[in-house]
Structures are given as structure tokens and as C-alpha cells.
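Visitor: Quick one: the structure is below, and I'll ask about it shortly.
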Amino acid sequence: MQTLTPHVYWAQRHGEIYLRVELSDAQVAQSMHSQGHGAKGENEYEFSLDFLKPVKAEVTHRSTQRQVNITVKKRERGWWDRLAAQERKPLFLAPDFDRWLDESDAEMELREKEEKLNKILFESRIPKDPYLGLKKGYLFMYNLVQFLGFSWIFVNMTVRLFILGQDSFYDTFHTIADVMYFCQILAVIEVVNPALRLVRTGVLPPLIQVFGRNFLLFIILGAQEDMQNKPVVFFIFYLWSTIEIFRYPFYMLACIDTEWKLLTWLRYSLWIPLYPLGVIAEAVAVIQSIPIFDETKVLSLPLPRALGTSLSFSYILQLYLAVMFLGLFINFRHLYKMRKRRFRAKKKKAN
Ligand SMILES: CCCCCCCCCCCCC/C=C/C(=O)SCCNC(=O)CCNC(=O)[C@H](O)C(C)(C)COP(=O)(O)OP(=O)(O)OC[C@H]1O[C@@H](n2cnc3c(N)ncnc32)[C@H](O)[C@@H]1OP(=O)(O)O
């Protein structure tokens, strides 16, 4: 049997060299002298390489049906300009394009590996929360109830709109208010959840949202019957429920560590037109209520005689109008950040 030289393919990382020898069914001798099926059939194959820089003595090799994979560790970490000490590349040697990386890609690969390792180490150090299942179960139930409530509102209003047309605008409050009261009282929980660290978000955005909606629902609409049959109520309730029928199922899926891409996109995109529209509709309701509060004196503050009879609630409403747009700005910025964080995280996963 004659001794031949096999084709050898190589690639490197900062700490090691990979050699792939194209030999099928090879039996490798300790000295890297092997017998197997190469390009010229069953033979003995041998190659020797004078490496550019020193390497460690231990060499690992693994034979598969089609090739022999050899890993050699560099004595010092670093990037080599070439593999062999001699400037002219040996004829049997070629780059292994399946594993080939240039220096910056190899660094990136290394960094990713380190990041993964750090993450695993970090996660293994965090003690597992014994109440995690209970918390997720509670959040799931909360979101389910809200989803059902807002779905009922949305479907009811849509059906009434189809059947009654514009007439349905005028009695929205009387048909929907009870369920809306229920959902919005329950929504106070959304301020409590981040305060108790049950969800990973701040307290201020849900506080602004719950306060803003409940102020409108219970005070402007609830305390003034004349406001209740205005068409603006229809638009406010419809805008609120449109966003919520996507937001709550998104949270429900998050509770069971599931994601539905379309739903995620809707949850983090629909607010862009809906939030400003919602605040505009609410501002219209506040403006419409000002003369009514002036006239009825409901919620007006009694004043000492010297200052006049009472301070109309409409002054508070005028102040509130300005605060509303500040609230819109804070929440719009918050939602923009959340959207960016969500889609950046997804992009990273995809890469
Ligand atoms: C001091 C008081 C000041 C008062 C001032 C008042 C001014 C009022 C003016 C404003 C009036 C606004 C009134 C409202 C109008 C409308 O609603 S118009 C209709 C359109 N509306 C919207 O589009 C807004 C809908 N609401 C929201 O989007 C949110 O409620 C929020 C208020 C913006 C808060 O969002 P946030 O929870 O912070 O972000 P998310 O990305 O959704 O969640 C962050 C992480 O938390 C997890 N999570 C949150 N809630 C839950 C939950 N219930 N269940 C399970 N998990 C939850 C979520 O999954 C995220 O986790 P990660 O994925 O791990 O990040």
C-alpha cells in the first residue's frame, strides 16, 4: 500500500485551529498517520504541517464516515496570518469555507458565546421564584376577564352600529356603561401590578391611563346625565375597546410564554393612531362638559362668602385639558420605547 497525502481543509479561531481531512472510514493512528478511503481509494494517508506559531501538545480528533476532524489548540491566543510556517501554502491545504470566519467575525462569535455563557451563569444564580406559577395564573385570569369584558363591549357596539346606524351613537352609555364601569374599576389592578413587581413595567404609565379614563368615565360622564347621550361617548368607548381586545390577549399569551407575531405587532402598533384619537375624543368630551358643569354647579367647590358663592368645577376641567396632553406625551413616549425594545429584541433573536 502506498502512502498518499490527503486533502486538508483548515480554519481558525483565536484559540484553536480546525483541520478537516477528507478521508472516509478512516482509522487514525496516534501520530496522525491514518489509513482510510481517500480520493485515490483505500490507502495509507499522511501529511505533516509546520505551524506558523507554537501549538499545544494535545490534539483532539474525531473520525466520521466522511472525514477526520482535528482540533489543535494555539499556545497563545491570537489571529494567524496563515497556517503554515512556510510562506508558500502546501498544495494539499485549502481553506475550509464551511467553518471559515475572518478575524472580526470570529471575535463576534466569541463575544456571542461569552454572552450566552454569562446569561446562563446569571440565570442559574437567580433563585427560582416559588410563586411564579401562581403569579402567572393570576395575571392570566385578570387579562382573560378584561379581554372578555372589552370584547363584549366591542362586539355589542359593532352590532348596534350595523343595526341602528348613527342612532346607536346616542345611547352608547346606557347600554355599555355597566360593563365599562366593571372593566375600568378592575383596571386599577394595572397600577398595583407593577408596584408589586408582578409585571416588568413602571407605575406612572398605567396610572396616567387608569386615572385619565376613570376621571372621564366616572366624573365627566357618570356625574353628568347630559353628557351621557352625546355621540362622543361612542367614539371614546370604541377606541378604548379596540386597543384592549388586542392588548389583553397579547398579555395572556405572554403569561404562558407564547407569542403570536401578528398580535404582538398589533399590540405595539395600533396605539400609534388610536392613542392620539382617544385623547382627542376625550378632550372633546371635556370641552363639551364645561358649560354643563358651569350650569348645573355639580362638583363645584363652596367658597367663603367674601370670595363668591362657589368655584365651578369647570376651572378644574380647563386645567385638566392641559394635563391630558402632558399625559398623552408621557404615555406616547413610553409606548414608543416599549415598541422599540420589543422589536429590537425580536430582531436580535432573528439574527
Ligand atoms: C398622577 C396622575 C396623573 C394623571 C394625569 C392624567 C392625564 C391623563 C391623560 C391621558 C388620558 C389617556 C386616556 C386613555 C385613552 C386611551 O386609552 S385611547 C385608546 C388607545 N389607548 C392605548 O393605545 C393605550 C393602551 N394602554 C397601554 O398600552 C398600556 O396600558 C400602558 C398604559 C401604555 C402601559 O403599558 P406597559 O404595561 O408599560 O407596557 P407593555 O409593553 O404592554 O408591558 C410591559 C411588560 O409588562 C408586561 N405586562 C404588562 N401588563 C401586563 C398584564 N396585565 N399581564 C401580563 N403581563 C403584563 C408585558 O408583557 C411586558 O413584559 P415583557 O414582554 O417581559 O417586557
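Including glycine, each Cβ sits where the backbone N, Cα and C put it.
According to TrEMBL, the protein carries these features:
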type	residues	note
DOMAIN	3-84	domain 'CS'
TRANSMEM	138-159	transmembrane segment
TRANSMEM	179-196	transmembrane segment
TRANSMEM	203-223	transmembrane segment
TRANSMEM	235-256	transmembrane segment
TRANSMEM	268-293	transmembrane segment
TRANSMEM	313-332	transmembrane segment
Visitor: What stretch in 203-223, 235-256, 268-293 has the biggest tally of Cβ pairs under 8 Å against the transmembrane segment (313-332)?
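Guide: Comparing 203-223, 235-256, 268-293: 268-293 has the most Cβ pairs near the transmembrane segment (313-332).
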Visitor: Short question: most Cβ pairs under 8 Å with the transmembrane segment (235-256), which of 138-159, 203-223, 268-293?
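Guide: Stretch with maximum Cβ contacts: 138-159.
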Visitor: Six or more residues beyond either end and a Cβ under 8 Å away: which residues meet both conditions relative to the transmembrane segment (138-159)?
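Guide: For the transmembrane segment (138-159), the sequence-distant neighbours (Cβ-Cβ under 8 Å, at least 6 residues beyond its ends) are 168, 172, 175-176, 179-180, 182-183, 186-187, 189, 193, 198-199, 234, 237-238, 240-242, 244-245, 248-249, 251-252, 255-256.
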Visitor: With helix taken as DSSP H, G or I, strand as E or B and everything else coil, how many residues of the domain 'CS' (3-84) land in each class?
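Guide: Counts, helix then strand then coil: 0 helix, 46 strand, 36 coil.
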